[in-house]
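Asks: Quick one: the structure is below, questions incoming.
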């Protein structure tokens, strides 16, 4: 059997990390098994669909690094891949339910249903459909049709037990009589969620449905429909909820950030895949920093837990930094240019790769590099922050910087290591070392007291820029005395 998984978002807004995690798990499992990963757009809720949302979702998934074998943009033999384009297919399956006696036409109006619901609540009964249209005779149906009512289609729910066999949660038994006869096709035409996904998964030959635990209540209804259609159901895997850091539901309306927000802020895409996979799953190796290739090799549905998990922004940021530090200078430079712009990186002697090498140990997101670029490409005039001003105080600082300037100017070949050696020699000549040596030099060269390693700063700035900012510092300090 070929494993076929799917991710089926609704175009009602951007993806939050909980939804993105479902996409990642389905993608990883399909790639792990050599199967196929499908993308399907569930867009039947016309009132909630947002213009451009589908394109944004697909763009975010691509930027994350996911690819799909079938979908609305790449096509495939099981299309269409938008529910709004599959109406004819739903009607054909609905006719099969009718012909098999597993569904019936319901002529109850919304007003009638609401009135009955209120009476049930008033009597202290659980609200539910009372089966009024379940066994209408042909004559009764004819009279209803004469009223001009367009019927909905209800599923004739059996009273027997329904067992959901979940590789993560084990066997879960539901009483079918508790569900009532639910609508599968609305009176105005579109299918309901539970019917549409079953039809889609049957016709698209989905073998595994990996989704959030919130769908567990839907699964018994869907299994009943599979049974009525004499179709083999997929393996259902219900993964734990992802919660906000404070334990509240993860939702945009509660301030949850979208996947695209994290990508725009420069989190490494591999780190996002890594982090999302670790929400309720763990590597048998115990390692936490995992490439997509390793995740594909190690993903195992049996290792998914059952407890809800909270987002940990600090861990995600740490993982992003770890993945950045594993990048080569050229690849990192390309990513920095992609996020910051083609002209953002200073055109020093080491080029963009030199800038990337200087920043690699300091940043946890690509966007964070922007904070350090002024140190590598100082503005005219240099801007000193308060700690830098404090580091440049004292009567011996000018003499120290003059000695540093002269030592740097005398270098035959400029490298970061050679510049550091020259600074040490200059400090020795004026009797200064350690923090008292390097802190004023860093302040003069970068305008601050924290940042990339000084050896990397020298390498990226080059001789001309470094001598300019040191000379500028000397002049400003002399004028201020």
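Every residue number used here counts from 1 along the chain in the order it is shown.
Using N, Cα and C of the backbone, Cβ positions are placed for all residues, glycine too.
The structure displayed is predicted, hence computed values, not measured ones.
Look at TrEMBL and you will find 106, 108, 133, 135 tagged as Zn(2+) binding site. Among the features that TrEMBL reports, ATP binding site is placed at 252. TrEMBL lists 3-318 with the feature domain 'Glutamyl/glutaminyl-tRNA synthetase class Ib catalytic'. The feature domain 'Aminoacyl-tRNA synthetase class I anticodon-binding' is assigned by TrEMBL to 353-473. Marked as region 'Disordered' by TrEMBL: 118-146. Per TrEMBL, the feature motif ''HIGH' region' maps to 9-19.
Can you tell me where each of these features sits in this structure?
Replies: A coil conformation is recorded for residue 108 (Zn(2+) binding site) in the three-state DSSP classification, outside any helix or strand.
Here the domain 'Aminoacyl-tRNA synthetase class I anticodon-binding' (353-473) has, by DSSP, the following mix of helix, strand and coil residues: 81 helix, 0 strand, 40 coil.
Counted with DSSP, the region 'Disordered' (118-146) comes out as 14 helix, 0 strand, 15 coil.
Note on the motif ''HIGH' region' (9-19): residues 41-43, 45, 48-50, 53-54, 56-57, 60-61, 212, 241-242, 250-252, 256-262, 276, 311 of its chain, located 6 or more positions outside it, place their CB under 8 angstroms from a CB of the stretch.
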Asks: Let me spell it out: take the region 'Disordered' (118-146), skip the flanking residues so only those 6+ beyond its ends count, and list any with a Cβ under 8 Å from a Cβ in it.
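Replies: Cβ under 8 Å, 6 or more out: 104-108, 154, 156, 180-182.
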Asks: Kindly state the mean pLDDT of the domain 'Glutamyl/glutaminyl-tRNA synthetase class Ib catalytic' (3-318) in the predicted structure.
Replies: 94
Asks: May I have the DSSP-based helix, strand and coil counts for the residues of the motif ''HIGH' region' (9-19)?
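Replies: Counting residues per DSSP class in the motif ''HIGH' region' (9-19), I get 3 helix, 1 strand, 7 coil.
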Asks: Quick check: with 106, 108, 133, 135 left out, which same-chain residues have Cβ atoms within 8 Å of the centroid of the Zn(2+) site Cβ atoms?
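Replies: Apart from the listed residues, the neighbours are 104, 105, 107, 131, 132, 134, 136, 151, 154, 181.
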Asks: Which chain-mates of residue 133 (Zn(2+) binding site) that are at least 6 residues away have a CB under 8 A from its CB, listed by sequence?
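Replies: Expected: 104, 105, 106, 107, 108, 144, 151, 154.
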Asks: Just how many other Cβ atoms lie inside 10 Å of the Cβ on residue 106 (Zn(2+) binding site)?
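Replies: Taking all protein chains shown, residue 106 (Zn(2+) binding site) has 23 Cβ neighbours within 10 Å.
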Asks: For residue 135 (Zn(2+) binding site), what is the tally of other C-beta atoms lying within 10 angstroms of its C-beta?
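Replies: Cβ-Cβ neighbours of residue 135 (Zn(2+) binding site) within 10 Å number 9.
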